[in-house]
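Here's the structure we're looking at; comments come further down.
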Amino acid sequence: MSLFLVGDQKSPAAHTSRCRGGLRPSMTSTNHNNIIVVITIQTNVKENLTENATNTTSKIPATPEGMAVAYGSLVIMALFPIFFGSFRSVKHHKEQKVLYQESGEKPETMSHKEALMFPFMASIALFGLYIFFQEYINMLLTGYFFFLGVLALSHLLSPVISSLVPAAIPNIPFHLHFKQGGPEGDVDLINYHFSSHDIVCLVCCSLVGAWYIIKKHWIANNLFGLAFAINGVELLNLNNVVTGCILLIGLFFYDVFWVFGTDVMVTVAKSFEAPIKLVFPQDLLEQGLSASNFAMLGLGDIVIPGIFIALLLPYFLGLMATILIMHLFKHAQPALLYLVPACLGAPLGVALLRGDIKALFQYEDHPAEKPDTAAEVTQDTKKDK
């Protein structure tokens, strides 16, 4: 998981060669004039080689217009998943409540312990990629994210593509049900409903995945990245504010340490060829769609703060502060260093001013029911059946 914002980076596929060289003066000649001539020739050759090397390795700086387009596009792409994922999360939350009322099964949420351990587990995974990163591991993870990206994009675009499928293709429903039997009853392993239109959507998204695998194009990368971010905001449930505070504070120190304290985060993000970040070229105006000088924003900097849906304005301000600091200091920045104070400071400040700080920390999406209430719900469910 990449949790940083960095600009003015060349594409991983754009490699430049370095040229070094020089001539050593011959000190065996006794003729002073010859020594001067040799030294003069050496100096001229070194200057020419240095100039050629500088011309070869120097990078054309991004224009102010190009940087404005790139950073503005990253801000829009960061807000897009939060905005649409929030609406989808409301629908998902209602579906979970209905399912809970029908089956009595409480939705899965992140506990305090899981939120506390998340930065440590993320650090182990990040450092493992840094230490054991090899080409075949990159290929394996690329294939893994290709599979997940196709599913995430299909889940996102299924309603849109289904509405565009010609009437000549009938919408035939299917039900994939795989269960395991045992003494205590059957356990559903796979219970999935889909239609022929969903299959058409899966094929279309697979074509996008093939485009990404073959070309590694930044547009295909962003399509998968946006799909991951929207699904993350929609499906990830913290249940209460305390869990969210623990998670954000832990990731605050995680992000600062791995970006400022080491080169691990930046190295993995630039070497890891997977749609775990959004990118936008700063030389788009000059190079078009074949541009290669990218600014980047990790998906973690979108999904984690994006869970706090009501904090859209503070998130925007924190993101703008990240871009400003990065541009001024010309160095990769841990975006959560600025996003966490913005996202936590706003609701805590408002709650303190209104005297609602206790209500804020007591709120739960899925409150734990008392044993008597839970038993009544179970009995009512059995009676309905």
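A Cβ is built for glycine as well, from the same backbone N, Cα and C atoms used for every other residue.
Pulled from TrEMBL:
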{"type": "REGION", "residues": "1-27", "note": "region 'Disordered'"}
{"type": "TRANSMEM", "residues": "68-87", "note": "transmembrane segment"}
{"type": "TRANSMEM", "residues": "115-133", "note": "transmembrane segment"}
{"type": "TRANSMEM", "residues": "145-169", "note": "transmembrane segment"}
{"type": "TRANSMEM", "residues": "190-214", "note": "transmembrane segment"}
{"type": "TRANSMEM", "residues": "241-260", "note": "transmembrane segment"}
{"type": "TRANSMEM", "residues": "302-329", "note": "transmembrane segment"}
{"type": "TRANSMEM", "residues": "335-353", "note": "transmembrane segment"}
Contact ranking winner - 68-87, 190-214, 241-260, 335-353 against the transmembrane segment (115-133), Cβ under 8 Å:
241-260
Below 8 angstroms Cβ to Cβ, which residues of this chain, lying six or more residues outside the transmembrane segment (68-87), approach it?
5, 7, 62, 222, 226, 229-234, 278, 280-282, 284-285, 294-295, 297, 301-303, 305-306, 309, 312, 315-316, 319-320, 323, 327
